[in-house]
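Engineer: Here it is: the structure, laid out below.
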Amino acid sequence: MDKGLPFTICVVTALLLLRESSQAGEEDDPERLAASTPAVPSFLDLQGIDSRGQAEGLPTLTVTTILEDPYVMVRGAELEGYCMDLLGALAEMLRFQYRVKVVGDGQYGAVSAGGNWTGMIGEILRREADIAVAPLTVTSAREEVVSFTTPFLQTGIGILLRKDTVSQEMSFFHFLSPFSKETWTGLLFAYLLTCCCLFLVARLSPCEWNEPKNEENHFTFLNSLWFGAGALALQGVTPRPQALSVRVVAVVWWLFTLALLAAYIANFTALLSSGSEQLPIQTFEDLVKQRNLEFGTLEGSSTFYFFKNSKNPIHQMIYEYMEKRREHVLVKTYQEAVQRVMDSNYAFIGESISQDLAAARHCNLIRAPEVIGARGFGIATTQASPWTKPLSIAVLKLRELGDLDYLRNKWWESSCLRRSRDRWSPLEPPALGGLFLALGVGLALGVLAALAELSNSSRLTAGHAKKSCCSVFVEEICTRLRIKEKARPSQEPSGKANA
């Protein structure tokens, strides 16, 4: 028993050590960002941590950024904006402190004439900053010298314009724009078909025309056309229908015109408020062909080098234009570009997401529909930095939680942006298909009701005259439609012979 006691103690101690090792392995799960980077802390809960990570023992990172609305803005003695909120959320997740500095030369990062990198990329390479949190576009040239995280914003290259510089005079028939050509054609066909049905039903119905030989039918074809046109203008016109079948056709046409006018007025109001039809510059090709506007981009930006390296003929023409007039069309800052668009005949080519913000803040600006060169904004680090992968996973986690969408809506939303999202387009026939179908069913019901009324009247007449109901029905139709029956030559002589 004395020998077994030490053995038992050894076994229990080994089991306890194995259990602690297993728990430590679960806490150091690679998906929790602590597998191979001991200097980088793993994810923790977001509760109870200061937004700037002001806690003892936490690593401090130097962050370089650039002043650009709404990413980083100066408010009093502090910085705020989309990137500052993003940086705070990352600090909460990864538990680090940070010190923010604005880039000295005000550049994003490009290769200078001497072969050195400028801007935030240069500060990362010179170890003046640990990471760059800014609207910094991920490009292949930058990826060769620094590392980027997963993009936190997706964007592209668009054209920012001032509305009055690209507006054109309304056409003489601009009032027809709310409906497409097909819709107007369908409306004309529906009008003529309804008037024909009204004319036919009024002639067939005995309640509307009791004695076709002695009376005059008020619903002539011209009167039927006038009745339908009056309904389109919501005006009461004569003659007034008396028969049930004619009233069915009239009511269905009134309902059709009421719904149609409501759709026309609503779409015409949207057309006048949006002004989307007054934008002749829709694409980069349109921008190259016109001669009224100058256009340019940020000097040394990724957008400039995109056009420089592109093999697309249109893109090459844009680059050649900007290169020949670089002293006049290239701008230094984004704020300068927006101000120039507002003050002169100038179109700015840049990041579409930043242009959306400018259109949201300044209601006289608008972004052209075409966007090219899909790209993303990422966080730049040194190539050997242990923070690259943890930051990438943190960005993905924020996207999955919906925090990136929340920040996007927080800093971009405005009344102008909401109006610009309401794209106007003319109403096509499928949008009014149910309305035309209801009109067709109503017309069919009106014709059937008229035939039923005429059939009932013919049956009563046939009973009094002791004739065939079908023959009376045919006679009534021929009389009401004024179709002359062919005289039977043998009928009258045979009658006289019998007499």
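Numbers here mean position along the shown chain, with the first residue as 1.
In case you wondered, yes, glycine gets a Cβ from its N, Cα and C as well.
As annotated by TrEMBL, signal peptide applies to 1-24. Annotation source TrEMBL lists domain 'Ionotropic glutamate receptor C-terminal' at 60-414. Annotation comment: TrEMBL describes 70-126 as domain 'Ionotropic glutamate receptor L-glutamate and glycine-binding'. The feature L-glutamate binding site is assigned by TrEMBL to P135, T137, R142, S302, T303, E351. If you look up TrEMBL, you'll see 184-206, 218-238, 244-266, 431-452 marked as transmembrane segment. The feature site 'Crucial to convey clamshell closure to channel opening' is assigned by TrEMBL to I281. Here TrEMBL flags K308, K397 as site 'Interaction with the cone snail toxin Con-ikot-ikot'. Marked as disulfide bond by TrEMBL: C363-C416.
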Engineer: Calculate the distance in Å between the alpha carbons (Cα) of T303 (L-glutamate binding site) and K397 (site 'Interaction with the cone snail toxin Con-ikot-ikot'), and round it to a whole number.
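Structural biologist: Distance between the two Cα atoms comes out at 29 Å.
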Engineer: Taking the residues P135, T137, R142, S302, T303, E351, which the record names as binding L-glutamate, find the longest CA to CA distance and state it in Å to the nearest whole number.
Structural biologist: 17
Engineer: Inside 8 A of the center formed by the CB atoms of P135, T137, R142, S302, T303, E351, which other residues of the chain have their CB, for the recorded L-glutamate site?
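Structural biologist: Residues close to the L-glutamate site, other than P135, T137, R142, S302, T303, E351: Y108, L136, V138, T139, T155, S301, R375, F377.
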Engineer: If you count other C-beta atoms within 10 angstroms, which of the recorded positions R142, K397 is the most crowded?
Structural biologist: R142
Engineer: Report the nearest neighbour of S302 (L-glutamate binding site) in space among the recorded positions I281, K308, C363, K397, comparing Cα positions.
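Structural biologist: Closest recorded candidate to S302 (L-glutamate binding site) by Cα: K308.
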Engineer: If we skip the immediate neighbours and take only residues 6+ beyond the ends of the transmembrane segment (244-266), which ones have a Cβ under 8 Å from one of its Cβ atoms?
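Structural biologist: Contacts with the transmembrane segment (244-266): 178-179, 187, 190, 194, 197-198, 201-202, 204-205, 207-208, 219, 227-228, 231-232, 234, 427, 431-432, 435, 438-439, 441-443, 445-450, 452-453.
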Engineer: To the nearest whole angstrom, what is the C-alpha distance linking I281 (site 'Crucial to convey clamshell closure to channel opening') and K308 (site 'Interaction with the cone snail toxin Con-ikot-ikot')?
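Structural biologist: A Cα-Cα distance of 22 Å.
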Engineer: Which residues, given as numbers and ranges, are at least 6 beyond the ends of the transmembrane segment (184-206) yet have a Cβ under 8 Å from it?
Structural biologist: 176, 212, 217-221, 224-225, 227-229, 232, 241, 243-246, 249-250, 253, 256, 260, 429, 432, 436, 439, 443, 446-447, 449-451, 453-454, 457, 476-477, 480-481
Engineer: What is the separation, in Å, between the Cα atoms of P135 (L-glutamate binding site) and K397 (site 'Interaction with the cone snail toxin Con-ikot-ikot')?
Structural biologist: 19
